[in-house]
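*Asks:* Right, I'll just put the structure down here and ask away after.
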Amino acid sequence: MPGVTVKDVNQQEFVRALAAFLKKSGKLKVPEWVDTVKLAXHKELAPYDENWFYTRAASTARHLYLRGGAGVGSMTKIYGGRQRNGVMPSHFSRGSKSVARRVLQALEGLKMVEKDQDGGRKLTPQGQRDLDRIAG
């Protein structure tokens, strides 16, 4: 369907399709520590899905498509959540900076993302074309 963009499709189906594309291409550089890491300080366990790095990369690429100029700090805010403190009140906790940084570096290696002159990262025209092609 011509003219279909990432904004027009269901986000969950798109992220799954993009993650499958990234895994099938085999070009995404996955760190060796992916099976032992938690994704945030507020998480109790590591992710159950063994392909979580591809899913996180797809989700990050989608976020950069929708709002470019996001860096490591804003990605930690996006993937943050509620920190439970037992009997004390809950507070917001950010996601892992190391995971966000490695995902952005891996997407830079695929030439989907580049550093923005105003700070943060943005999608390259090639990356935007890939995302629109997968959405269609």
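Glycine is no exception: its Cβ is also placed from the backbone N, Cα and C atoms.
The feature N6-acetyllysine is assigned by Swiss-Prot to LYS23, LYS111, LYS115, with similarity to another entry given as support. Swiss-Prot lists ARG67 with the feature omega-N-methylarginine, giving similarity to another entry as the kind of evidence. Feature annotation from Swiss-Prot assigns region 'Disordered' to 116-136.
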*Asks:* By a 10 A CB contact count over all chains shown, which of the modified residues listed here is most packed: LYS23, ARG67, LYS111, LYS115?
*Replies:* LYS23
*Asks:* How far is it from LYS115 (N6-acetyllysine) to the residue listed as 'omega-N-methylarginine', counting Cα to Cα, in Å?
*Replies:* 14
*Asks:* To the nearest Å, how far is the Cα of ARG67 (omega-N-methylarginine) from the Cα of LYS111 (N6-acetyllysine)?
*Replies:* 18
*Asks:* Reported as an integer number of Å, what is the Cα distance between LYS111 (N6-acetyllysine) and LYS23 (N6-acetyllysine)?
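*Replies:* Checking the Cα atoms of LYS111 (N6-acetyllysine) and LYS23 (N6-acetyllysine) gives a distance of 16 Å.
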*Asks:* On the three-state reduction of DSSP, what should I expect for LYS115 (N6-acetyllysine)?
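*Replies:* Once the DSSP labels are grouped into three classes, LYS115 (N6-acetyllysine) ends up as strand.
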